[in-house]
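Visitor: Have a look at this one.
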Amino acid sequence: MLRRVVRQSKFRHVFGQAVRNDQCYDDIRVSRVTWDSSFCAVNPRFVAIIIDASGGGAFLVLPLQKTGRIDKVYPTVCGHTGPVLDIDWCPHNDLVIASGSEDCTVMVWQIPENGLETPMSVPVVVLEGHSKRVGIVSWHPTARNVLLSAGCDNQIIIWNVGTGQAMIHLEDMHPDVIFSVSWSRNGSLLCTACKDKKVRVIDPRKKKIVTEKDKAHEGARPMRAIFLADGNIFTTGFSRMSERQLALWKSDNMDEPICVQEMDTSNGVLLPFYDPDTNVVYLCGKGDSSIRYFEITDEAPFVHYLSTFSTKEPQRGMGYMPKRGLDVNKCEIARFYKLHERKCEPIIMTVPRKSDLFQDDLYPDTAGPDPALEAEEWFVGKNGGPILVSLKDGYVSTKSRDLKVVKTNVLESKPAPKAETIPTVQKHTNLLLLLWYLGQCSQPQQEKC
């Protein structure tokens, strides 16, 4: 019986490529805060980067096209009195961004259409409710103006940004620092990873823990946990021997993992970035110089290693572009914004295809910018999946495929056959010879005369 050696996958040949130097964002003082967040947030219009700032916290907001060297006096968003720890763009409004800070506040900002021209220090709304620094901010994926924040006071608060009110407090569920929070696909559940080594699935509106797993990863280093599109949970963490691990779990029964894989012995926290349309997970380790990517399927071993993109420089943080901001003409399936010490470098992940037609299998309908619910609807118990949009509208053909019929008489443009041209030439030659001969014959007669 023949054994299939190579698993068939359309993402097996995905390759990463860093852009040219003139397309990077240079001379940026990336934050040195010792907090394991990504320090960067991206949407189809702007890239936001947390930076070092004296006398408070600040972050840059740059239009995507503003590449090259960034002036030191370029305006920043600078309303926090302590270092900014996390930022997140609103999925339903590309001009709105939330930030969490060491000053215990969450602020929501509205960026001007063309970017900042002067420093912005006054937010649209300040959300106060945490007693310690706020390390995580995350917008609800389908409900408008619903924002989650998690602080080092071990509590999660869910806000109605439209009214500025704290609607839900989850206070007694986590005895220690919360490392990560992830919304489910429709935003009905939360998945959290905590310093007590537990992964919890929480129904926030019922204020109830649905299920939890103790020692999902036995190591003491920080874990991460994210929801997948099918409701399963993907985690990264460390083993008892400090090896980095990834694992896959069923959210309704976390007694045993679906699979666990050992990776390496590096000590950088693995930040997972997930594409629900293709079921590909990208793992970026803080301090690493590589991005590993895996495809999640229903076949064993369930998490399939695809490839690794490596560079020489270690990454301080990473931004991940939403699917609707990608260039579908180039078969781009992911774009990262890698933070160096003083630079932000875009990295493009591409599936090589010979045809330049729109690739339907690479770009199924994806979550669009329209919310499925209003905040008030979600708080009273309604759920709604993301409203999907086709990326084909963003496709522009690189070749003109119109059949051009040129209505000219083909026969008129044909050269005359050689058989016809030869006699014509001979006729002219014979005539010239005859004239020359007559001229020669007439000369002696004239001399005689």
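The backbone N, Cα and C atoms fix where each Cβ goes, and this holds for glycine too.
Copied straight from TrEMBL:
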DOMAIN    4-68  domain 'DUF1899'
REPEAT    77-111  repeat 'WD'
REPEAT    127-169  repeat 'WD'
REPEAT    171-212  repeat 'WD'
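Quick one: how deep are these features, and who are their neighbours?
Guide: Note on the domain 'DUF1899' (4-68): its mean pLDDT in the predicted model is 91.
Long-range contacts of the repeat 'WD' (127-169) within the same chain: residues 35, 37, 82, 85-92, 98-108, 175-178, 180-183, 185-187, 190, 192, 204-205, 207, 367, 371-379, 384-387, each at least 6 residues beyond the stretch ends and with a Cβ under 8 Å from a Cβ of the stretch.
Mapped onto DSSP classes, the repeat 'WD' (171-212) shows 0 helix, 22 strand, 20 coil.
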Visitor: Do you know the DSSP helix, strand and coil residue counts for the repeat 'WD' (127-169)?
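Guide: Final tally across the stretch: 0 helix, 25 strand, 18 coil.
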